[in-house]
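Q: As annotated in Swiss-Prot:
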BINDING   THR24, ARG94, GLU95, TYR146, ASP261  sn-glycerol 3-phosphate binding site
BINDING   THR24, ARG28, THR283, GLY327, GLY428, ASN432  ADP binding site
BINDING   THR24, THR25, SER26, THR283, GLY327, GLN331, GLY428  ATP binding site
BINDING   ARG94, GLU95, TYR146, ASP261, GLN262  glycerol binding site
Amino acid sequence: MSDAILGEQLAESSDFIAAIDQGTTSTRCMIFDHHGAEVARHQLEHEQILPRAGWVEHNPVEIWERTASVLISVLNATNLSPKDIAALGITNQRETTLVWNRHTGRPYYNAIVWQDTRTDRIASALDRDGRGNLIRRKAGLPPATYFSGGKLQWILENVDGVRAAAENGDALFGTPDTWVLWNLTGGPRGGVHVTDVTNASRTMLMDLETLDWDDELLSLFSIPRAMLPEIASSAPSEPYGVTLATGPVGGEVPITGVLGDQHAAMVGQVCLAPGEAKNTYGTGNFLLLNTGETIVRSNNGLLTTVCYQFGNAKPVYALEGSIAVTGSAVQWLRDQLGIISGAAQSEALARQVPDNGGMYFVPAFSGLFAPYWRSDARGAIVGLSRFNTNAHLARATLEAICYQSRDVVDAMEADSGVRLQVLKVDGGITGNDLCMQIQADVLGVDVVRPVVAETTALGVAYAAGLAVGFWAAPSDLRANWREDKRWTPTWDDDERAAGYAGWRKAVQRTLDWVDVS
């Protein structure tokens, strides 16, 4: 929808919620109405910094500047003033790790992104000496390069002056939600240093039962507690803070919702009951299953995480399968191979062939996440023959997205004992009809996309709105959810089984490729 849509009409009403979505490749601000309908947005990309193989960084200053710009632009384009916004929510790429000076606001180092694998030796050592079991038991996570704890340890050990600053109380840690919130509420002039339970649950540092930083876990990574933010509800009864009047919003708006991006998508998809699941297709894929107030420990390579917490209610938990490379594999076809000029062309190219021609592509660029958790894996194209073309590679790339999701669904069913009946989907790739049809075929269940596909921003808008009474209760959110498109399986059982067997065989070829000992 156009940035300027509705123009002056919007300013006649105060019935709007703003949502900041600070993602891996871009930052956007979106405005929603009472019906959960998007009425405006503005979005800006930021640089992907790749200093060496396996390292991925972002510039924290650029992230904040992009956040300020999208806020200013969407408010200006719609003629909205701060008094027209009932509340503001923040959702973000999780695990990405920032450290900055509380007095100057200057970062000590670039943000280390969730995809970054420089901490593989830290993670491997934790598992080798048995300490990984403590992390699994308390934090619900396996020791992996994915999570914030190892990234923060790396900064403390490798960036001059950071450990001393942390021990003196001068250095602050946060994921992007904390960084954006701190700057919006004043930065060095009294900015609020806080995160929510969902983001904290992705650090390997928070106890899932107490919802607090755990001293035993902190000691594993030698992290001073003083540098950590306060942990709060995803939609607290009192605002985290208010936007600084002299900041990009131009007035005081309460900030009342914070959710990690995948948790926000769960809320946006209204997966609020145990057994409901969604799959978000972005840079990576993230499939979550609501397990209610029960902490379900995975025996099949999944993560146990906080799904959300509203107000002072008990937290709701989830099982999650995190997949590192899905949408970014399509970007690889565009940026590194040059066989497409835009992501949308992947569908047209893949439609030139009826199948993958016996070729499988496993995009383990930075190892494999759920359910394998193998940082020693690297990408591979297998089954290649002279018969294969660019079209087969495009098809195999779309299939890789879907087969990785099948890996997670199978693990989820084994852990929960719940057979998936339908999969709600969201994210950019859901606009690719062929990919979604393949997903239905690979899983053998219907795949359903909602009218509002940007469920991440919508979810945190819901959280922020619930906190201020913009929506009275979660039941109001269900009335807003509407189906846009449904894909029904066309493969028979034999075709489905044969295709998946080939995928599993291909995955085995990617293992033990790099030494992480």
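In case you wondered, yes, glycine gets a Cβ from its N, Cα and C as well.
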Q: Could you name the residues, excluding ARG94, GLU95, TYR146, ASP261, GLN262, of the same chain that surround the glycerol site, i.e. Cβ within 8 Å of the Cβ centre of those residues, in sequence order?
A: GLN93, THR96, TRP114, ARG202, GLY260, PHE286, SER322
Q: To the nearest whole angstrom, state the Cα distance for the pair TYR146 (sn-glycerol 3-phosphate binding site) and THR283 (ADP binding site).
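A: Cα-Cα, rounded: 14 Å.
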Q: In terms of Cα spacing, which of the binding-site residues GLN262, THR283, GLY327, GLN331, GLY428, ASN432 are within 10 angstroms of ARG94 (sn-glycerol 3-phosphate binding site)?
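A: Checking each Cα against ARG94 (sn-glycerol 3-phosphate binding site), the hits are GLN262.
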Q: Cα-Cα separation of GLY428 (ADP binding site) and GLU95 (sn-glycerol 3-phosphate binding site), in Å?
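A: Checking the Cα atoms of GLY428 (ADP binding site) and GLU95 (sn-glycerol 3-phosphate binding site) gives a distance of 21 Å.
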Q: Consider the binding-site residues GLU95, ASP261, GLN262, GLN331 and say which one has the Cα lying nearest the Cα of ARG28 (ADP binding site).
A: ASP261
Q: Once THR24, ARG94, GLU95, TYR146, ASP261 are set aside, which residues in the chain still have Cβ within 8 Å of the Cβ centroid of the sn-glycerol 3-phosphate site?
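A: Along the chain, the qualifying residues are ASN92, GLN93, THR96, VAL113, TRP114, THR175, ARG202, GLY260, GLN262, SER322.
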Q: Going by Cα-Cα distance, pick out whichever of the binding-site residues THR24, GLU95, ASP261 is nearest to GLN331 (ATP binding site).
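A: Result for GLN331 (ATP binding site): the nearest of the binding-site residues is THR24.
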Q: Where does SER26 (ATP binding site) sit in the DSSP three-state scheme?
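A: In the DSSP reduction, SER26 (ATP binding site) maps to strand.
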Q: For GLU95 (sn-glycerol 3-phosphate binding site) and GLN262 (glycerol binding site), what Cα-Cα distance in Å is obtained after rounding to a whole number?
A: 12
Q: Which whole number of Å gives the largest C-alpha distance between any two of THR24, ARG28, THR283, GLY327, GLY428, ASN432, the residues noted as binding ADP?
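A: Result: 22 Å between the two most distant Cα atoms.
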Q: If you measure from the C-alpha of ASN432 (ADP binding site), which of the binding-site residues THR24, THR25, SER26, ASP261, GLN262 fall inside 10 Å?
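A: Those near ASN432 (ADP binding site) - Cα within 10 Å - do not exist; the answer is none.
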Q: If you measure from the Cα of THR283 (ADP binding site), which of the binding-site residues THR24, SER26, ASP261, GLN262 is the nearest?
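A: Nearest in space to THR283 (ADP binding site), counting only the binding-site residues, is THR24.
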Q: Please determine which of the binding-site residues listed here (THR24, THR25, SER26, GLN262) has the lowest count of neighbouring CB atoms within 10 Å.
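A: Per-residue Cβ counts within 10 Å for the binding-site residues THR24, THR25, SER26, GLN262 bottom out at SER26.
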Q: In whole Å, could you give the widest CA to CA gap in the glycerol site formed by ARG94, GLU95, TYR146, ASP261, GLN262?
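A: Roughly 15 Å, rounded to the nearest whole number.
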